[in-house]
Amino acid sequence: MTDGASFRKLTFPPTDAYRHMLPSPDPESLAAAVELAVAIRSARLGRATHAAAVKYLSPRPLPAFLSNHLVNMYSKLDLPTAAATLLSVDPDPSVVTWTALISGSAQNGRPLSALAHFAAMLRASVRPNDFTFPSAFKAAAAARQPLVGRQIHASSFKSGLIDDVFVACGALDMYFKTGLTFDARTLFDEMPQRNIVAWNAVMTNAVLDGRPDEAIKAFIKLRLHGGIPNTISLCAFLNACAGASYSSLGSQLHAFMIQSGFDLDVSVGNGLIDFYGKCHWVHEARAVFDEMHMKNDVSWCSMVVVYAQNGAEEEAFRVYLDARKEGIRPTDFNVSSVLTTCAGLSGLDLGRSLHAAAIRSCINGNIFVGSALVDMYGKCGSIRDAERAFEEMPERNLISWNALIGGYTQLGDAHMALTVFDEMIGCGEVAPSYVTLVNVITACSRGGLTKEGLDLFETMKERFGIEPRLEHYACVVDLLGRAGMEERAYEFIKTMPVRPSISVWGALLGACRLHGKTALGRIAAQKLFEIDPQDSGNHVLLSNMFASAGRWVEATEVRKEMKDVGIKKGPGCSWITWKNVVHVFQAKDTTHEMNDKIQAMLAKLRRQMQAAGYMPDTRYALYDLEEEEKETEVLQHSEKLALAFGLVCIPPGIPIRITKNLRVCGDCHCAIKFISGIVGREIIVRDNNRFHYFRDYQCSCRDYW
């Protein structure tokens, strides 16, 4: 820009910029308008400026500097055809023109085009400069082309530009990102001068490659060499500390940030929130968040993720609502994060409202939001909505497929889980991960497809190149145990190449409890006590196993041992939501304000069930009582109380959704089947294992759970 008129044109919106343009604009004014088009990312303004230049300057050719501006504009606005066409009609394109084309392609995710333009520039005998090489290195890194990257390095070396610190940093980053770590370290050691960009390249790539200790060592060396870190350095160090669980070291850096004034930077604040959240220091993360003078959408999203990662889903949702009140628009990141919290809360209505918000914000087509929707609907038990969300995704990734398979696993629909798994393999879009196989084998376990699950486990390394992990071994133990093959499961455990974990022995103990194998169950329980002696759940499971078998003395002994060593059992409970209020029930609970109506409903249901052929299963009365007292006790289980409340309050035609923090008991399972047919209602129970859909005297699990 050369005069006041040109400057004024940059202060107006596009239409006004042309309204105030001179009748016969000079090249400098046209170049200013091109810069404006790039600044506001307006292809329409850019094309109009190009047309004006051709009109007013014809028949003269465009000045070289204006042509460079136009090529740069088309490249930056991701209009590669127009940029390449303009360059092709230039009789003598300069290095500036070529560099604009190369950098634009690299910045807009077209690395192969950038590399092709770089090669064409060399064939045209145009020498790259210190701006060209960094863009070429960036393209080679994005395209994962280490051989091409080495060739570009050789070219920069021959030209003498490798000594330029920014060119060297580009090569350094390229070597890290293409997996040539040794070459990167050698180049770093040979650099005559290292600026903060070089140190940051070492640290950030070490973090991305899962080498947190190396990133921390690089930061310490930076300080020992007298270097001053910037926000990128500090965030990389925090990420490294979080990855290595060095919470104390990260908190020391927090103190340094405060002393240096970096704590006022919003990016550093966001990094601190993320670090404390990953270290499970939720209170500290919230303190940083509350003390931030400025917050952006990343700040709010980070706080949501902190709560979601640490099991505080309700707090996560509150933060999201606070962000909306502050005017933060829904983004793919914060919506997908909050959808994860809805899955943890089994908050179907909340998830649907977020789905509506995503549609209104036009981000429902985003792959991360779509995957989160599939996951949320699956974990909330609405598999039809999960299927619909999956089908509407314009593209899918591994997370999307895993989410849908996981939804069928939660439902216990092994056949559909296998069908989707086969479809995923057949389409060739993605390869299965170890998580995929955990989901599918678990689905086989819950659906009774023992042979199919074993075949998949035995062939997973050969078919997919995935080594079995501890989670897969636990799935196989559960698979065999549910099928009544506890002894085989025990032999399988003894031949495992890895040390059995809590989940492995817990699966065996659960199977022994289910099938009444008390001797083997005691062995499994003893192993669990050795690994985690303070876990009340294992003691309770052992006690309940003895109680179900009528071995009351042993059941009482286990309870007494718990009391003697100070192990406290958390109460089993069920809850149901009505009119945005969560109603929680415990067994034999009489404290609810509607207790009289609940008990009247239970008495009515008891008569109707007995008339339909229901007989209480008193094996699930866990205390040594008279038979009649046992029948009364099982009638007062928490899930039956929650169901009675639902029948009193929730109008007919609306499904009743109940959540329980423990496994639904066999008597309640049988009773709810009867009730679903008697009252003609759909009843969904989510226990700590899976979903049960009750309708017309039947359950979706087909009594195999």
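Backbone N, Cα and C define each Cβ position, glycine as well.
These numbers come from a predicted model, not from an experiment.
These features come from TrEMBL:
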- 94-128: repeat 'PPR' (REPEAT)
- 296-330: repeat 'PPR' (REPEAT)
- 397-431: repeat 'PPR' (REPEAT)
- 613-705: domain 'DYW' (DOMAIN)
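Within its own chain, the repeat 'PPR' (94-128) is flanked in space by residues 64, 67-68, 71-72, 74-76, 78, 80, 83-84, 87, 135-136, 138-143, 145, 148, 152, 155-156, 159, 161, which lie at least six positions past its ends and keep a Cβ under 8 Å from the stretch. Mean model confidence of the repeat 'PPR' (397-431) amounts to 92 (pLDDT, 0 to 100 scale).
Mapped onto DSSP classes, the repeat 'PPR' (296-330) shows 26 helix, 0 strand, 9 coil.
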